[in-house]
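Step one of this worksheet: look at the structure below.
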């Protein structure tokens, strides 16, 4: 195939070099370090130590058990939820529309923290019930983790299954009925096989997210050894020491995710059926008893999902004395201490997230343009490397970046650069996916139309492509912003003094038992997340035109 | 305005030759159509003229200028696409103004020319609409105005009507022809729709696997196809292999055998061998009662009769069990026949026999 070098071939190479250097190279370093001892010679001592460490093996098992339990719970919540929303109409159903955005928006650390405020050892509900003579089981450990992770991750199942159900051709069910199977058997034989892959794909996603989860694991799982927390502790404990063990641990985590992704690609994706004509069956309006039941069950899920938003603000305005929250006594002192006393995390977060958003979205737009509109063997490679960060948990990415960029000719450790880099790399696959989705819908001919009218290819990119992508660039930027500003697991590994961000501050305050101050930072964090979303909705209202 | 000369152009994709030493001359101001089934190379040829594809061999000239290696944006062409290709974030006005702005035309003149162009396609009232707010026909008219307003040297159209519904397609034919004739612009039009090609073109190039099978006026292509491919593609035809020989006398006189009977015909295209192919349009044939026997007629039996209003279509089985289609038009139908009737099929002596 012939490649036109200017400008796209050149930009492809540039992107490739950047990705190789900032994504591929750190991962490679991690792998190499995992099989090298202190003297630099090849050695499997890291892995052998892990195999002999009973606590590590326990953490390994715990992580898998947690992954399976949370995944099962999210399926149990998400599938019926999706089915109710797809097939039935009931009072207040419109509320579910806010769910996808809201659950992405609420940072995990805030979910963990606000449930601690309610159900922790000194929590509001715990204390209320204790007053009534009821003792709740401790929220720390399995209960808290499974509960809060289910609430954080069930939307993945819900959204995936909802999309599958809406794309399902209702005539298939009618065909089943006409062929003489009962309604229940029809559903089992016709609907289930088509929906199952969607459940499975998203269940695997949830599993990998649970395995890589750091924020909730570290806040709630203190008594339960888990891989992500252990990897982090190994890193914190061994800073400056031998990186072999932390690398080996990281490689194991990558291995777990890689196996899951491989299984997903090889086994699950082959079972996905494409519906030729998806006319979803009509939505049934339910009445009386059923309506109350549907509304209540959906309502409970929505309230539980959104509660952290409320709690964090209540917590921020509540009087504290040391670790004790004085519920019902309002005060501005926590907020004042956070905003006036130690505003650095807020400023840092805003700075790093803005930079990562600008860099990440610009790069994502370029990469998706090259991979979709200027296909060649190199862009294919680009396409593969850009999704690599998906296989790495934040903790592992952080370790890889620190190990790679703390020495050598490019030292980023200890500078803002490493924070921005880890934000950017972590969210790049998502930003690329965002940008790509609209690019697929933009026909190649509008570029050709512009060129035929006398505008050069490069100018055409700026005059035609970018304006046509405006809506998706805005939404990619907002998603990048809200997800990077709440990023914890990678940044907590790479940050050093002076680089503290809001999520890190929240984590440290929670860790120190100061939930009031944590709430104050939490309220600030949620505010800067919600602000651009509100603005964006207004912006989108102005631009109602679409590309087709 | 310019003539287009395509000189021995070769284009290959992944070892597959899509255009084979193709040559074609489009005179200044003419409307030429590239017609053929998908995969025949017509769009590739158009994209070579536009500069989106670079030929692997041969030259393309606009008048005397060799543009083979000139980038598209320097070729000064107007192009209309199948999917309209309007810029979604720009109004109809801004879409049409796009090419003029790129050419740094003064603002006042842009406004004047864009309004004039929109007026010509009767869209002045919709100047502020976005593409998403317009119908397919309106979008294609904006696209046409956008391509013509820059007064390009040549106009290239890639199946511009195929995304429109049947009624709109007929209307747009007239809109395109009116505008193109008025501007006197050299036009290359790509389509797979033979009726569109017949209705619009000065000349049609029928393409077959990367070559031009026949170039001619619509009348020539329909009346005197040079081979079975052309005959079959334009209109419908009975295409029957027959033993044939030149009959001397008039140079084009041919004798051939059909169903064991000697018939007279005319040679079309290249010289014949011992085998030829009879091309007989169903509407050129006529039916008669079996007796008395007339010259150049063969006996058969009506297999099926279909009444279609303005015409009646018959399938006739000949004695050798082969079938032939005959259509009689309501206006000149002398006698009607039913299934099972014995008939004679008259094959006019000017029917073409082409080389096999």
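Here, residue 1 is simply the first one shown, and the rest follow in order.
Every residue gets a Cβ built from N, Cα and C, even glycine.
Caution: TrEMBL annotation is automatic and unverified by curators.
It should be emphasised that the depicted structure is a prediction, and the values quoted were computed from it without experimental measurement.
Range annotated as transmembrane segment by TrEMBL, chosen from A:148-167, A:168-187, A:188-207: A:188-207. Your range for transmembrane segment, going by TrEMBL and the list A:95-118, A:119-142, is A:95-118. Check TrEMBL against the ranges A:318-335, A:408-425, A:426-443 and you find transmembrane segment recorded for A:408-425. When Cβ-Cβ distances below 8 Å are used as the criterion, the transmembrane segment (A:188-207) is approached by residues 67-68, 70-71, 74-75, 78-79, 153, 156-157, 159-161, 163-165, 168, 172-173, 175-176, 181, 260-261, 263-264, 268-269, 271-273, 275 of the same chain, each at least six residues removed from its ends. Highest Cβ contact count with the transmembrane segment (A:214-235) among the listed stretches A:6-27, A:64-83, A:352-372, A:408-425 falls to A:64-83 (criterion: pairs under 8 Å).
Remote same-chain residues near the transmembrane segment (A:6-27) are listed as 254, 363, 366-367, 370, 374, 376, 378-379, 381-382, 385-386, 388-389, 392, 397, 400-401, 403-405, 421, 425, 428, 457-458 (criterion: CB distance under 8 Å, separation of at least six residues from the stretch ends). Against the transmembrane segment (A:95-118), the recorded stretches A:64-83, A:247-268, A:289-317 differ in Cβ pairs under 8 Å, and the greatest number is found for A:289-317.
Residues 142, 145-146, 149-150, 153-159, 161-162, 165, 199, 202-203, 206-207, 210-211, 217, 224, 226, 256, 297-298, 301 of the same chain lie 6 or more positions beyond the ends of the transmembrane segment (A:64-83) yet place their CB under 8 Å from a CB of it. Outside the transmembrane segment (A:247-268), and at least 6 residues removed from its termini, the chain residues within Cβ reach (under 8 Å) are 27, 30-31, 33-34, 46-47, 49-50, 56, 60, 63-64, 197, 200-201, 204, 207-208, 211-212, 227-228, 230-231, 234, 390-393, 395-396, 399-400, 403.
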